[in-house]
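If you check TrEMBL, you get these features:
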type     : residues : note
TRANSMEM : 21-42    : transmembrane segment
TRANSMEM : 73-93    : transmembrane segment
TRANSMEM : 114-136  : transmembrane segment
TRANSMEM : 148-170  : transmembrane segment
TRANSMEM : 182-202  : transmembrane segment
TRANSMEM : 230-252  : transmembrane segment
């Protein structure tokens with residue numbers, strides 16, 4: 001446990017030195033708060049864009065607060081997923097490339113401790129970024145649109161956080177298999193994109209898919225009854241995260257040279 005704490009502390013220091021604790025929360029926050037602000041000022045934005053007949057006015061239906069927050073989850077599910085993968089892709093491969101991983105593993109450190117320190121460290125920064133973004137988005141949504149209860153916001157945050165845990169778990173696993181950052185990012189984004197696409201194309205057969213997490217979170221935000229397969233989706237997502245973490249540890253053990 002002591003070695004795990006030391007490795008985790010090292011991970012946190014590195015995240016601070018490379019600026020990840022600055023740029024990732026800022027980027028995810030900007031993605032989040034842009035949704036309620038642009039939704040509120042959309043008529044003015046369209047009018048300023050021009051190309052409207054003289055005297056014409058723009059009247060758009062006002063979305064509910066839950067719909068605005070659901071739109072935020074959609075943005076984070078696309079652009080945010082890309083940013084999360086880019087932030088995670090080099091946590092192991094960079095240390096393999098510069099040889100610093102060898103200096104770590106010659107000490108009494110197990111592969112489980114090493115991978116766990118990376119996994120926990122990346123979860124902390126990604127979930128903190130998401131929490132900050134979602135809280136500010138919820139705040140501005142309540143100011144500009146109809147109120148969303150903190151219980152609904154917290155519940156949707158908890159559900160969608162599992163998607164981020166899945167991103168971290170799979171990307172860490174790819175980091176133990178592949179050396180190039182580009183390859184890690186490409187495979188991770190492709191996997192997550194294909195999973196989401198298959199979930200959309202075959203909803204009848206993909207009720208278990210983690211790609212449904214955003215839908216379940218949206219249902220909670222618009223105060224609709226929870227879907228029947230919510231528990232199934234949560235359980236499968238947790239199992240997949242555990243599987244990817246276990247595969248990462250196993251793959252790391254099999255590395256003949258770092």
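Glycine too: its Cβ is placed from the backbone N, Cα and C atoms.
Annotations in TrEMBL come from automatic prediction, not curation.
Residues 11, 20, 24, 27-28, 31-32, 34-35, 101, 118, 121-122, 125-126, 130, 133, 156, 160, 163-164, 167-168, 171-172, 174-176, 178-181, 184-185, 188-189, 192, 196, 214, 217-218, 252 of the same chain, all 6+ positions outside the transmembrane segment (73-93), place their C-beta atoms under 8 angstroms from a C-beta of that stretch. Residues 77, 81-82, 85-86, 88-90, 93, 166-167, 170-171, 174-175, 209-212 of the same chain sit 6 or more residues outside the transmembrane segment (182-202) yet have a Cβ under 8 Å from a Cβ within it.
Residues 92, 111-112, 114-116, 119, 159, 162-163, 165-166, 169-170, 172-173, 175-177, 207-210, 212-213, 216 of the same chain lie 6 or more positions beyond the ends of the transmembrane segment (230-252) yet place their CB under 8 Å from a CB of it.
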